[in-house]
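**Q** The annotation domain 'ABC transmembrane type-1' is assigned in TrEMBL to 79-280. Marked as transmembrane segment by TrEMBL: 20-42, 83-103, 115-134, 146-166, 187-209, 263-282.
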Amino acid sequence: MANNKIKPSVGERIFDTVNVIFMIIMIIITLYPMLYVVFASFSNPGKFMMHYGPLWHPLDFTLVSYEAVFKNPNIWNGYRNTLFVVVVGTTINMLLTIIGGYILSRKNWLFKRPLSLGIVFTMYFSGGLIPFYFTVRALKLDNTLWALIIPTAINTYNMIIMRTAFAAVPDSLEESAKLDGASHFTILFKIMVPLVVPTIAVLILYYAVGHWNSWFNAMIFLTRSRSKYPLQLILREILIQGSLTEMTLGAGMDDKEMISETIKYAVIVVSTVPILCLYPFLQKYFIKGIMIGAIKG
């Protein structure tokens, strides 16, 4: 059998080569800062302080910085608070987003257009930070972890993505279920939801990452409850305000200035790795689910 494979032209080969080189450079630029943080966190504090230039491996591998981090009770307390916000917050987010997206995807129901316009309006205009702050205080949510969950219980853009996913499901499935006497909740959770699992997986990732990285609301609402600080706010204190005294003293370290630098990198790793563990479980849904947002509904 003759080989019908078309050989690429010289121009195409040059383009492919340049494209591969460019992508390798971009990968290095993207990965190196992350690798630098990891290598620095495992480095000997004294040698790291004396080192200048790029870092391609840990300098005299040691776990002294991680020992200081894990001996600090604030880190564990921050983990506990953050996990509560992520788990409870994401559950509430998804429940409201799924219900809201399903309602908006239904055809010919009363007040659909005014409600849709009102929801979209909130994407472009907000009440401002001060009214938001006083609203949360009036609801007596300040200095509680619920101040990090209830005000962000639903995201308009994510709800529109969910609506688009539900709208892509054939109407015949819903009509058949109605003929069999199924209620709206039965149709939603037993028929519609299983058909849009990729989109749900992506939105779970969006919400979970958002809660995990959130620190601003905690900073303005948890002013009198340091015990309720999430992990990212503790990380902010360490990186910006330099609050490393407790860690260095608790670890019994003499060279506090040297150890503080490697502790910063260790805290970054400790606060980043857990959320990265979500990606392998949701990767197979990610590309398919994220494309829903590019489809007009």
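Numbering starts at 1 and runs along the chain as it is shown here.
Keep in mind that glycine also has a Cβ here, set from the backbone N, Cα and C atoms.
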**Q** Mind checking which residues of the chain, 6+ beyond the ends of the transmembrane segment (146-166), have their Cβ under 8 Å from one of its Cβ atoms?
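**A** Result: 85, 88-89, 92-93, 96-98, 100-102, 104-105, 119-120, 122-123, 132, 135-136, 139, 192, 196, 199-200, 202-203, 206-207, 210-211, 214, 217-218, 221-222, 230, 292-293, 295-297.
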**Q** Report the listed stretch (83-103, 115-134, 187-209, 263-282) having the maximum count of Cβ pairs within less than 8 Å of the transmembrane segment (20-42).
**A** 263-282
**Q** Report the listed stretch (115-134, 187-209, 263-282) having the maximum count of Cβ pairs within less than 8 Å of the transmembrane segment (83-103).
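**A** If we count Cβ pairs closer than 8 Å to the transmembrane segment (83-103), 187-209 scores highest.
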**Q** Quick test of the contact rule: Cβ under 8 Å, at least six residues beyond the ends. What residues does that give for the transmembrane segment (263-282)?
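**A** Same-chain contacts beyond the flanks: 37-38, 40-41, 65-66, 68-70, 75, 201-202, 204-205, 208-209, 212-213, 231-232, 234-235, 238-239, 244, 247-248.
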